[in-house]
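The structure appears right after this line, and notes come after that.
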Amino acid sequence: MAEVSANSFIPETFQGTTVDLTSQIGLLWELIRVPLIVPLLKFAVVVCLVMELMLFAERLYMGIVIVLVKLFWKKPEKRYNWEAMKEDLEAGSSNFPLVLIQIPMFNEKEVYKISIGAACNLSWPADRLVIQVLDDSTDPIVKDLVEKECKRWAAKGLNITYQIRETRGGYKAGALKEGLKRDYVKDCEYVAIFDADFRPEPDFLRRSIPFLMHNSKIALVQARWRFVNSDECLMTRMQEMSLDYHFTVEQEVGSATHAFFGFNGTGGIWRIAAINEAGGWKDRTTVEDMDLAVRASLRGWKFVYLGDLQVKSELPSTFKAFRYQQHRWSCGPANLFRKMVMEIVRNKKVNFWKKVYVIYSFFFVRKIIAHMVTFFFFCVVLPLTIMVPEIDVPKWGAIYIPCIITTLNSVGTPRSIHLLFFWILFENVMSFHRTKATFIGLFEAKRANEWVVTEKLGDGLKNKNSKPNKKFQFNFNIGDRIHVTELGFAAFLFFCGCYDYLYGKNYYFVYMFLQTITFSIVGFGYIGTIVPT
């Protein structure tokens, strides 16, 4: 057999130096495009379209159910036994159950007074209320301020205890678990949890506890979050749109159909017996709230969501804080899914359809597929197909179904429907961070258990900005303001948009250029609130 030279596999133009680099790259692209790129990209398009259909079916199902719930379902007060709490002059406060309020916090200088004050102003007999401030702060100044605030309320006759630990082991889950071990809470039947920026209305306990008192199988009553700073900047408006859909649709549908949804970690009240039966708080993931909810549900406990019981809270208004929060909220569920999927499958106490709902709908589609299809399809695969004319993405997959999904997502916040287009572009940018976090959780990579407390600004920034004749200096930390990955995607999408403008036929360049602008704005750090020193 004749000896084959390696050069015989390489075109002659590559063997000399007469052809410039651009021509060589172009020729190499032509060599690999048909045998390699086209099949891979076709496969990627099919996978993305399948994921998109899964997400579409999920959104359509929840849209239909929420309409039926609003039109025909009874209110929670009618579906379950519920009686208003009544004062008994003869019995005094003895007919009120003993309730524990837990307020976990970590260096919450700007907002610590908010939740403590709101908890102390709850309309509940003072001798039937135990307030526990679980302070894991590392700043001694903040610790001193929080302790003094607790003593101030204790002097008014409130049963409030300032609790600290030697270490932050287990983070929030560790603090909550440690708090339940204290002797002075052993007689408490229920525990309400409020993060440091949450401010429940005075009637919170009177409206929620009757569900637990008169229905022995209910473990959790979850209230809806409302946001005091949603109008602070465009980024907080975008967050409000996403979270309003979560509460208005996802939580409502889960409560009405399966009596199950993910505990939101705050703004809810638990039956302590249910927590203990489920195995207590665990710190194996960064979503200890969801972990407990799934374990309790697998033991047959039911949850109730009250959409008209609202608790005010604060949205992260700096992009750095929001990015860390989204990492935790995306990585944690994926990591929990990895650890619990077989436990759910083997469970004998819940029926088959509830298992399907938890595994497929709650975890797989909402926590994994939703992030991945948004990023891979609209930020990677669709732009690449522009440069490969052999691949034709169907209009229903590229335009029609995404528009329907987006419209369904907008029902939670009608007042922001005019911002829907901005929301789409911003969500596409954030899908990169969420997808990366999802993979970290699924493969339990290095940052899987990273816990960064979401920074809250409270009224501090507003008060500073209201001071006249005050000159501010802005910290310009290039690591916080310049995001190289986002700028890289902006360059990639700009190139794809230019190519489509010159050679394409589907007018995708309009979307590409708008998405390029959004990635660039985020990449240069012009998003969210800029905090002055």
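Cβ atoms here come from the backbone N, Cα and C positions, even for glycine.
Heads up, TrEMBL stuff is auto-annotated, nobody curated it.
The transmembrane segment annotation in TrEMBL covers 43-69 (among others).
Feature annotation from TrEMBL assigns domain 'Glycosyltransferase 2-like' to 190-385.
The transmembrane segment feature in TrEMBL is assigned to 356-386 (among others).
According to TrEMBL, the transmembrane segment annotation covers 398-426 (among others). Away from its own ends, the transmembrane segment (398-426) comes close to residues 52-53, 55-56, 59-60, 62-63, 66, 234-235, 237-238, 240-249, 378, 382, 506, 508, 514-515, 517-518, 522 of its chain (Cβ-Cβ under 8 Å, at least six residues beyond either end).
Long-range Cβ contacts of the transmembrane segment (484-502) within its own chain (Cβ-Cβ under 8 Å, at least 6 residues beyond either end) map to 379, 383-384, 386-387, 429, 432, 508-509, 512-513, 515-517, 519-520, 522-524. If you look up TrEMBL, you'll see 484-502 (among others) marked as transmembrane segment.
Among the features that TrEMBL reports, transmembrane segment is placed at 508-531 (among others). The list of residues near the transmembrane segment (508-531) in space but at least 6 beyond its ends in sequence, with Cβ under 8 angstroms from a Cβ of it, reads 232-236, 316-319, 322, 378-379, 382-383, 386, 398, 425-426, 428-429, 457, 461, 474-475, 480-487, 489-490, 493-494, 496-498, 500-501.
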